[in-house]
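**Student:** This is the structure, below, for whatever I ask next.
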Amino acid sequence: MNTTFTPPIAVQMQRPSFWSHQVNRGFLLSGLTLLGVVGGFLAKGYGLDWLQNSLWTLAFLAGGIPAAHKAILSLLQQRKLDVDLLMVVAALGAASVGRAGDGAILLFLFSLSNTLQSWAMNRTRRAIEALMTLHPEGAHVLQPDGSEQWKPLEALSPGDILVVRPGERFAADGLVVDGYTDVDESALTGESVPIDKKPGDPVRSGTLNGHGVVRVRVERPASESTLAKLIKLVESAQASKSRTERFAERFEGPYTIAVLLSAPVVFAVAHLVFGLEAAQAWYRAMTFLVVASPCAVVIATPAAVLSAMAAGARAGALFKSGAALEALARAQIFVFDKTGTLTEGRMKLVQMVVLQGSEAEARALAAGIERYSEHPIAQAIARSWDGPTPEVSQIQAVRGHGVVGVLADGRQVWVGNRRLLGSLGVTLPLEVERRLQAMEQQGLTTAVLGSNQQPIALLGVADTPRPEAAQAIAKLKRQGARVIMLTGDRKAVAEHIAAQVGISEVYAELLPEDKLEHIQQLRQEGTVVMVGDGLNDAPALNAADVGVSMAAGADVSLESADLVLMKNDLNRLVGARQLARATARTVYFNLSFALGVIVVVGAFALAGQVPLPLGVVAHEGGTVFVVLVGLRLLAHRLDS
């Protein structure tokens, strides 16, 4: 019984066609087994006993040796009885009472079932292994003399300038230094629309260059790229198992022993109590042995979980483990950080109250003062104006206060907060002070633009909510989730953003350790999902039942999070939760069906109403059925 999903990714990269060879070999052996079965029965019809026995021996060898080999390896290496052993014992048992034909049919159907499972699960493997094909073998590196030199992937170093032409994949993470293009990021993020790139914009390894020729400065070695980290993440995800999977694996060994020991009991009861002939009683025991085998129970969970993880990976939602998928399905408490998660993480000038002159003059002056500052508020003000600015000299940034400079006519100009006004001896008129307070009560971060001792304009800067945030929060609430915001920002700012996105439960002005304490308290009330940027939220992400990172490129996010959203879109979180819930329903259905087949068909087998071939059809058909039901999750879309 084939329940192993995949070897480590490193092995896959060395042997990319291994699974195709395995499936082809399986179909070949199944074909030989079928030839032996059909030929044996035809020879029996013509009275050719020697040919009949030879062909049935072929069926036993082609169908039985692989199963026996796997069962022996499982016994020697893992010290557990595999369900393959039950099939081999049942086939030999049938042959021992003169029903070799039935035993050959059993081995054929078992071999075919295993091959069909391998073929079906190979679809899941291919969906995940698609990440492997995204890395190009190397790249063209620009040389000091202007020529280009091809370098293999492992030879690329930070600082190298790559020349990337249309249709080529980016070999490493980097920044565009020259040229304009559009980039297809769908393989990593699930985003179907190409993203425009210009000088200064980042590009990620594995993404596909569109129509332009660009030069890209490598920021990190290929082994440390986003794609390399994601491959490692998927590798660890395949190795880890959900709670249900671990239970099914623990269940398999003892249950197999119990079924194996039950065969002599069934034989004894049928022969000694009900008076069946020894051959009939043994045949019935072998039929029960087949029907009661736990193949479908063991494969029911991994077939669904691994298909769901492949569907998520294809759409840009990478689960680190089946356990994370399982926990997300039952989660009812969703906790969000504010900055960079519910908001864009980029400050914008959203309000200006002009006290003197025109708004255009005020914007130009403010941009001229702030354009050299690296402070987020200063950058927001500078970005708000793209026209000409007055020349400002003697610029001085006063930490925690603002910026001061001098115009060509000698006037002192400044942009800053109340502390800067105090240091300059500027007093705001009462009406202006009221306007400033009103802006602060709206959740805006405020600054004042002035010249000499006179205020010119009041500036209100804010981090705006993500466009999809309110919609995603509303969806979670409709699904019955409790939604909470934890943030280190000021209470007024937090409540303003929370009101815009539809969150009523807000905790503000928190340090990272305060967030951690809140998560620990919430876990006493239910399963908790923490969504953050992965930077200053690492402790809270680790403490939650499911940590979700919106910062796919950050090292710490890949370390701390259980689910990484490659596209900064909160609707993907809602889609991931729907996928997790669909997976939980599929697992429940598969297990119920598999156990139901064992109970119902097993009862009929004990009553002698199920011949061995029909028992094999029920057992193997049920196993293939639960695999196919699990594979339906491959078609699940996160935006559905």
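Glycine is no exception: its Cβ is also placed from the backbone N, Cα and C atoms.
Automatic, uncurated: that is what TrEMBL annotation is.
Grabbed the feature section from TrEMBL, which reads as follows:
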DOMAIN    134-235  domain 'P-type ATPase A'
TRANSMEM  26-43  transmembrane segment
TRANSMEM  55-73  transmembrane segment
TRANSMEM  85-112  transmembrane segment
TRANSMEM  255-274  transmembrane segment
TRANSMEM  286-311  transmembrane segment
TRANSMEM  587-608  transmembrane segment
TRANSMEM  614-635  transmembrane segment
**Student:** Are there at least 3 C-beta pairs under 8 angstroms linking the transmembrane segment (85-112) and the transmembrane segment (614-635), leaving out pairs fewer than 6 apart in sequence?
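**Tutor:** Stretch pair touches.
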**Student:** By Cβ distance under 8 Å, which residues at least 6 away from the ends of the transmembrane segment (26-43) in the same chain are close to it?
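**Tutor:** Beyond its ends, the transmembrane segment (26-43) has Cβ neighbours at 49, 51-53, 55-60, 62-63, 66, 100-101, 104-105, 107-108, 111-112, 114-115, 118-119.
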**Student:** For the transmembrane segment (587-608), find every same-chain residue at least 6 residues outside the stretch whose CB is under 8 Å from a CB in it, and list them.
**Tutor:** 244, 266, 270, 276, 280, 284, 287-288, 291-292, 294, 296-297, 300-301, 303-305, 615, 618-619, 622-623, 625-626, 629-630
**Student:** So what pLDDT does the domain 'P-type ATPase A' (134-235) average out to?
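**Tutor:** Mean per-residue confidence for the domain 'P-type ATPase A' (134-235): 86 out of 100.
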**Student:** List the helix, strand and coil residue totals of the domain 'P-type ATPase A' (134-235) as derived from DSSP.
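**Tutor:** Split into helix, strand and coil, the domain 'P-type ATPase A' (134-235) gives 21 helix, 36 strand, 45 coil.
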